[in-house]
Amino acid sequence: MLSNPVVISIIVLLALSLLRINVIIALVIAALTAGFIGDLGLTKTIETFTGGLGGGAEVAMNYAILGAFAIAISKSGITDLIAYKIITKMNKTPTAGNLTWFKYFIFAVLALFAISSQNLLPVHIAFIPIVVPPLLSIFNRLKIDRRAVACVLTFGLTATYILLPVGFGKIFIESILVKNINQAGATLGLQTNVAQVSLAMLLPVIGMILGLLTAIFITYRKPREYNINVEEATTKDIEAHIANIKPKQIVASLIAIVATFATQLVTSSTIIGGLIGLIIFVLCGIFKLKESNDIFQQGLRLMAMIGFVMIAASGFANVINATTGVTDLVQSLSSGVVQSKGIAALLMLVVGLLITMGIGSSFSTVPIITSIYVPLCLSFGFSPLATISIVGVAAALGDAGSPASDSTLGPTSGLNMDGKHDHIWDSVVPTFIHYNIPLLVFGWIAAMYL
């Protein structure tokens, strides 16, 4: 296993990222490492990597449109109005107790936004560049550790789709998990349904809830001050700006936001939704048509890093899939070397973690592992619920805490608006510790005792 191209390339990726090497460069080096160890050769590796870059183009374009839309919203003044209302509320009730409760209220609201983005209004991470940046000044005043915010957002983006069969959860549970497990277990007498999957995933999700509570109330509870180079606007400055905001600007912003999300839900396209929102802003006079170029340029600057990471991650995943590493990794578990039931469960979960971090998608991991995991679990005597839990957790592991995952890139896109939130150390590492470790522990417990 230690000579497997997937394992080594993931180790290289994580090591370089932790050394603060740019994530894009780390992904390129990790891809070259995987190709070299996987015997693809330099030329074939480069061709495979570049051939896979197009797979991330749509996501990068989505980020660019969202960036432009976020800039347009800020021009409308609605974000300043929200900040003003919150700041004046804070100034009226400045006691430590009230500020603490207010901090946790913000956490709860952000968690609800994130959960809704997966299940109720499945817009995924599209809400983050719109909702989070206006709150940064509030975070600074409250001295909130943004790592806690990253953990809150990532929890909502990951925990709910593996538990609740609604929205993206319906796709993951019903269309992918249940379907693939039933196909793999058809000749083995194992058939499952949505209710069983939700039951099997309940204990692992409880582990994630404990990880979230640990992050909020223990690890990142203490105040954290950020070195802000630009002097933040005072309440009087904001009041002067608020006085110039017209009611039609607020109405236009609300219409644009609703229209954007509604269009995305109907068309399943963030690009079309964002364009509709921008058109509404132009028609309502929030910015002139000739200013659209500046709006897009600012949006690109805002989201360029995130978009290029997704493009590079797509090329890296293409190289991983071109090697035999993923198949070898999964099949190594069925070689008969492992005799202990507990060790087998742990190894299956760890392999799932590596695969998901390698190909960047828990949704894509399920079809890869089920054909081996289902018969392997049954041969070790795992119950149907335990088998479901192993497959589900093995796929979900690595979604949170991966340098190239939407679940970490999304929070970074909003929290790093002012350049004070490091993607690796402030998003990746905190979410990896607080979610992947509990998922491993509680996933193993579920496998052994369900």
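One is the number of the first residue shown, and numbering goes on along the chain from there.
A Cβ is built for glycine as well, from the same backbone N, Cα and C atoms used for every other residue.
So that you can see what the record holds, here are the features copied from Swiss-Prot:
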| type | residues | note |
| --- | --- | --- |
| TRANSMEM | 10-30 | transmembrane segment |
| TRANSMEM | 53-73 | transmembrane segment |
| TRANSMEM | 95-115 | transmembrane segment |
| TRANSMEM | 120-140 | transmembrane segment |
| TRANSMEM | 148-168 | transmembrane segment |
| TRANSMEM | 199-219 | transmembrane segment |
| TRANSMEM | 242-262 | transmembrane segment |
| TRANSMEM | 267-287 | transmembrane segment |
| TRANSMEM | 302-322 | transmembrane segment |
| TRANSMEM | 343-363 | transmembrane segment |
| TRANSMEM | 378-398 | transmembrane segment |
| TRANSMEM | 428-448 | transmembrane segment |
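The stretch in 53-73, 120-140, 242-262, 428-448 that contributes the largest number of Cβ pairs under 8 Å to the transmembrane segment (199-219) is 428-448. Same-chain residues lying 6+ beyond the ends of the transmembrane segment (95-115) with a Cβ under 8 Å from its Cβ atoms: 89, 127, 131-132, 135, 138, 142, 144, 148-149, 152-157, 160, 216. Residues 107, 110-122, 124-125, 128, 132, 139, 174, 194, 197-198, 201-202, 204-205, 208-209, 211-212, 215-216, 219-221, 362, 392, 396, 399-400, 406-408, 410-412, 414-415, 421, 426-427, 430-431, 434-435 of the same chain, all 6+ positions outside the transmembrane segment (148-168), place their C-beta atoms under 8 angstroms from a C-beta of that stretch. Most Cβ pairs under 8 Å with the transmembrane segment (302-322) belong to 53-73, among the candidate stretches 10-30, 53-73, 428-448. Listed by sequence, the residues of this chain that lie at least six past the ends of the transmembrane segment (10-30) yet keep a Cβ under 8 A from its Cβ atoms are 49, 308-309, 312-313, 315-316, 354, 357-358, 403-404, 422-425, 428-429.
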